[in-house]
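Peer 1: Dropping the structure in here first, questions after.
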Amino acid sequence: SGGAMAAAPRSFSAAEVRARCAQGSCLVRCRRRLYDLSGFVRLHPGGEQLLRRRAGTDVSAALDGPPHRHSANARRWLEQYYVGEMESGDEQVPLGRAGSRRTAPGPGSSGSGGCGLWGAPGPGSDLVDWQKPLLWQVGYLGEKYDEWVHQPVDRPIRLFHSDFLECLSKTAWYVVFIVWAPVVLYLSWVSYTSLAQGNTRLFSSFTTEYSIPVHKYFFPFIFLLGMFLWSLLEYLIHRFVFHMKPPASNYYLITLHFLLHGQHHKSPFDSSRLVFPPVPASLVIGFFYGVLRLMLPEVLGLSVFVGGLCGYVIYDMMHYYLHYGSPKKGSYLYGLKAYHVKHHFEHQKAGFGISTRFWDHPFRTLIPEETFEKED
């Protein structure tokens with residue numbers, strides 16, 4: 001009549017934990033609290049290392065050991081995988097190898113042995129109703145929105161009431177490649193063959209005598225220029241549009257921010273929302289094509305555009321891989337994945353480069369190197 005009481009946490013014996021780990025599960029513990037990271041650990045930089053020492057790893061070492069210390073958001077994230085408690089007396093039993101190093105507890109921890117209880121709220125205590133579309137709710141969060149949207153969760157998001165609009169807002173990663181790669185190839189062929197006709201000249205609208213012919217062999221360099229310009233545009237959009245802080249009093253700007261990028265920071269592993277769906281993408285791509293047509297001779301503008309379009313496709317594929325790929329430890333992509341994870345969980349106001357960190361250097365938005373600790 002008054003509602004069912006919350007079920008007591010399940011108890012696990014040390015032998016049961018060892019058995020589950022032997023079957024392929026990845027269980028970690030913090031004192032008596034036990035967490036099942038089996039479905040998530042491979043997505044995290046260094047997760048493969050944790051899998052190799054997964055037999056009941058003490059989470060205090062796993063969280064604060066190599067390859068880097070974890071943020072308060074990472075600690076809150078952990079609570080989503082809580083499965084129960086170790087049986088009384090078994091919490092001190094060594095269940096397997098743990099990291100050899102301890103560091104000071106990060107923000108949000110209790111300070112007791114490098115681990116603490118980080119108080120993940122129950123379903124009824126969240127600021128939104130996850131059973132309903134979120135897009136129309138977030139605008140009412142006001143001054144609470146910015147903190148809420150930067151506390152990530154591992155659950156899918158529904159934006160719209162309409163199934164049709166919801167379908168247009170999501171896509172699988174390979175759809176981007178299937179749709180846009182043929183466009184890149186076709187427009188590259190059109191650009192090259194048009195330049196081969198020898199009719200394209202720079203500055204012809206100002207002077208015919210000193211105008212500069214654009215040879216067909218210039219196409220690869222123009223294409224690369226387009227990719228370079230895209231990388232700058234990617235950085236600027238990510239930093240100044242996607243990471244704008246909407247006024248707390250403006251319902252519509254908060255809603256727009258959540259639609260553009262806030263949803264991704266709230267649920268960074270929602271696989272259907274990691275790349276730009278083709279229908280809305282075509283509107284944005286068409287806009288930039290129109291701008292280039294106004295600024296440059298037709299064929300030259302098309303050549304720059306197709307290079308930029310190729311850069312966009314690489315960017316979207318890279319972004320998906322940084323979330324779901326497992327790059328080899330020590331590789332460039334491994335470092336980039338760790339960099340992007342830091343952006344999501346700890347440094348949301350830095351680390352805006354995705355396919356490259358290049359622009360974070362001149363704009364002074366690099367994530368501090370000291371946050372990437374070296375292994376012992």
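Glycine is treated like the rest: Cβ placed from N, Cα and C.
Below are the features listed in TrEMBL for this protein:
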DOMAIN    9-87  domain 'Cytochrome b5 heme-binding'
BINDING   H44, H70  heme binding site
REGION    92-115  region 'Disordered'
TRANSMEM  172-192  transmembrane segment
TRANSMEM  217-237  transmembrane segment
BINDING   H238, H243, H261, H264, H265, H319, H323, H340, H343, H344  Zn(2+) binding site
TRANSMEM  274-296  transmembrane segment
TRANSMEM  302-322  transmembrane segment
Peer 1: Specify the count of other C-beta atoms within 10 Å of the C-beta of H265 (Zn(2+) binding site).
Peer 2: 19
Peer 1: Against which stretches of its own chain does the transmembrane segment (274-296) lie, if we need a Cβ under 8 Å and a gap of at least six residues from its ends?
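Peer 2: For the transmembrane segment (274-296), the sequence-distant neighbours (Cβ-Cβ under 8 Å, at least 6 residues beyond its ends) are 168-171, 173, 175-176, 179-180, 233, 264, 302, 304-305, 308-309, 312, 316-317, 319-320, 323-324.
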